[in-house]
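Here is what TrEMBL says about this protein:
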{"type": "COMPBIAS", "residues": "1-10", "note": "compositional bias 'Acidic residues'"}
{"type": "DOMAIN", "residues": "35-392", "note": "domain 'Major facilitator superfamily (MFS) profile'"}
{"type": "REGION", "residues": "1-23", "note": "region 'Disordered'"}
{"type": "TRANSMEM", "residues": "32-51", "note": "transmembrane segment"}
{"type": "TRANSMEM", "residues": "71-88", "note": "transmembrane segment"}
{"type": "TRANSMEM", "residues": "100-118", "note": "transmembrane segment"}
{"type": "TRANSMEM", "residues": "130-147", "note": "transmembrane segment"}
{"type": "TRANSMEM", "residues": "159-177", "note": "transmembrane segment"}
{"type": "TRANSMEM", "residues": "183-204", "note": "transmembrane segment"}
{"type": "TRANSMEM", "residues": "268-291", "note": "transmembrane segment"}
{"type": "TRANSMEM", "residues": "303-323", "note": "transmembrane segment"}
{"type": "TRANSMEM", "residues": "330-352", "note": "transmembrane segment"}
{"type": "TRANSMEM", "residues": "364-388", "note": "transmembrane segment"}
Amino acid sequence: MRGEIDEADLAPETSLIKKENQEPSATTTTTLLFTTLVAVSGSFVFGSAIGYSSPVQSDLTKDLNLSVAEYSIFGSILTIGAMIGAAMSGRIADLIGRRATMGFSEMFCILGWLAIYLSKVAVWLDVGRFLVGYGMGVLSFVIPVYIAEITPKELRGGFTTVHQLMICLGVSVTYLLGSFIGWRILALIGIIPCVVQMIGLFIVPESPRWLAKVGRWEEFEIALQRLRGESADTSYESSEIKDYTKRLTDLSEGSLVDLFQPRYAKSLFVGVGLMVLQQFGGVNGIAFYASSIFESAGFSSKIGMIAMVVVQIPMTTIGVLLMDKSGRRPLLLISATGTCIGCFLIGLSFSLQVVSLFSGETSYIALTGVLMYTGSFSLGMGGIPWVIMSEI
């Protein structure tokens with residue numbers, strides 16, 4: 001009896017000690033949600049740029065009398081601009097901050113959309129598309145990094161995959177609008193999310209981790225408190241970020257060659273490998289030329305584009321919801337398998353057309369392949385590589 005009383009007396013003290021040593025549970029505040037929404041407005045810009053070329057292909061080539069080669073340059077030059085932007089984005093984000101980098105990229109996107117809208121010859125179309133691509137490339141790095149830095153680690157996976165959800169939404173909305181309105185008006189509409197993000201950037205806080213990195217400690221505390229709520233206890237997280245920043249500053253600044261040390265081999269292989277598989281797995285070919293694929297397969301391009309939208313958004317949403325529950329690897333395995341089958345079906349449908357077999361069914365095989373690829377990519381391969389990249 002006495003032993004039981006002693007345990008009961010000690011229980012509150014033991015509980016208190018455990019609570020003091022424990023990290024506070026993560027909460028989602030209005031400021032955090034709004035800040036994330038502003039950040040992923042740039043993801044919508046990313047998606048609208050990807051989705052622009054497919055629905056406007058027919059009208060654009062007729063209006064400006066473009067050859068297949070000229071239109072192919074217009075479609076693909078976006079990725080060249082994106083490569084340059086992505087290569088420069090890390091240095092820019094470290095130099096001027098995450099918010100300023102997003103604003104910087106949006107200026108290029110606005111100029112690019114205006115150039116496309118005003119174009120009367122192919123060269124200005126290409127200039128505009130390149131500028132949008134450059135801005136898109138910068139955004140592709142800074143948005144997931146910014147979201148990962150402002151969110152508690154318990155919520156980081158789900159919040160970061162909203163980046164992919166908004167890319168998907170941008171692609172889907174552009175596909176839908178492009179089926180019913182002209183290419184010039186669609187280019188003007190592309191400016192709207194750019195302006196929304198630029199206005200929002202004046203309101204949201206800077207990344208606390210970047211502020212700590214550059215030694216702006218007072219602003220760091222204010223930004224962290226805003227993101228976690230006025231009544232939240234940020235002492236544990238603040239101390240953790242300060243310790244991490246101090247360890248970083250104690251290390252000598254590394255060079256690109258240092259990445260190839262044996263100890264970084266696995267992280268480098270995983271991060272770069274996933275991004276290579278994501279980008280070289282056929283997504284740009286399907287996203288940029290979906291309309292042509294449907295027409296070549298003998299299927300209505302408008303119905304096909306709407307079907308893609310119907311599949312994309314729910315599958316991306318499922319991926320976001322499952323991200324932190326099922327883990328990264330199972331979703332990646334399912335997603336990669338589905339994209340592989342989708343590519344096989346698309347190739348099979350056109351192969352059957354060549355040999356004149358099952359001519360009535362080949363268009364439906366192509367549709368099934370495109371939808372399977374789109375849905376599977378949206379489930380995992382579209383978003384998870386960005387999350388893993390920002391985490392490692």
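Even glycines carry a Cβ here, placed using N, Cα and C.
Heads up, TrEMBL stuff is auto-annotated, nobody curated it.
The transmembrane segment (364-388) is not in contact with the transmembrane segment (71-88), judged by fewer than 3 CB-CB distances under 8 Å for residue pairs 6 or more apart in sequence. Panel annotation: around the transmembrane segment (183-204), residues 31, 34-35, 37-39, 41-42, 44-45, 48-49, 52, 55-56, 59-60, 63, 99, 102-103, 106-107, 109-110, 113-114, 116-117, 128, 132, 170, 174, 177 of the same chain, lying at least six beyond its termini, place a Cβ under 8 Å from a Cβ of the stretch.
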